Amino acid sequence: MTVVRDGEITWPPPPVQVSAAPAAAAAAAPVAQKPAKKPMSTGRRLGTAFAAAAVLFALIALSPAALQVHLTVFALAIVIGYYVIGNVHHALHTPLMSVTNAISGIIVVGALLQIGHGNPVITAVAGLAILLASINVFGGFAVTRRMLAMFSRS
């Protein structure tokens with residue numbers, strides 16, 4: 001935006017001059033409106049939150065001590081992640097997904113460390129984690145490449 005040019009103040013810009021006459025408004029066909037989604041009542045929302053908290057506390061109480069720390073960190077990560085992702089402006093979702101690409105890479109590394117475990121269940125879960133996280137990594141690279149291509153000069 002240029003405010004001063006050759007010593008002359010050009011702000012505010014001159015009003016836009018419309019050279020074409022406005023087109024006649026076409027009669028729009030009536031569009032069937034979907035009924036608005038009814039928000040969840042406060043009681044039901046609190047009941048759902050209480051049930052989820054009860055299940056989480058039961059899992060923590062019935063699990064071994066070493067797993068309790070991991071479940072607590074997992075629960076905190078879910079809550080913090082929900083609020084962080086939920087408050088991101090819509091224009092920043094594509095760069096945010098590019099950052100989650102790095103998180104999926106960390107998941108692949110962790111699963112690679114577990115793939116050689118003697119327990120076949122752990123090996124199967126690690127293989128599934130590698131497969132799913134790799135899909136996310138490759139998709140993230142594709143999205144990032146398309147996003148960066150928007151800013152390149154042809």
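Cβ coordinates are placed from backbone N, Cα and C, and glycine is handled just like the others.
Record features, source TrEMBL:
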- 70-153: domain 'NAD(P) transhydrogenase alpha subunit C-terminal' (DOMAIN)
- 46-63: transmembrane segment (TRANSMEM)
- 69-85: transmembrane segment (TRANSMEM)
- 97-115: transmembrane segment (TRANSMEM)
- 121-143: transmembrane segment (TRANSMEM)
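Simply put, out of 69-85, 97-115, 121-143, 69-85 has the most Cβ pairs sitting under 8 Å from the transmembrane segment (46-63). Long-range Cβ contacts of the transmembrane segment (97-115) within its own chain (Cβ-Cβ under 8 Å, at least 6 residues beyond either end) map to 122-123, 125-127, 129-130, 133-134, 136-137, 140-141, 143-144, 147.
Within the chain, the transmembrane segment (69-85) has long-range Cβ neighbours (under 8 A, six or more residues past its boundaries) at 56, 59-60, 63, 96.
The DSSP breakdown of the domain 'NAD(P) transhydrogenase alpha subunit C-terminal' (70-153) into helical (H, G, I), extended (E, B) and coil residues amounts to 72 helix, 0 strand, 12 coil.
Summarising model confidence by region, the domain 'NAD(P) transhydrogenase alpha subunit C-terminal' (70-153) averages a pLDDT of 85.
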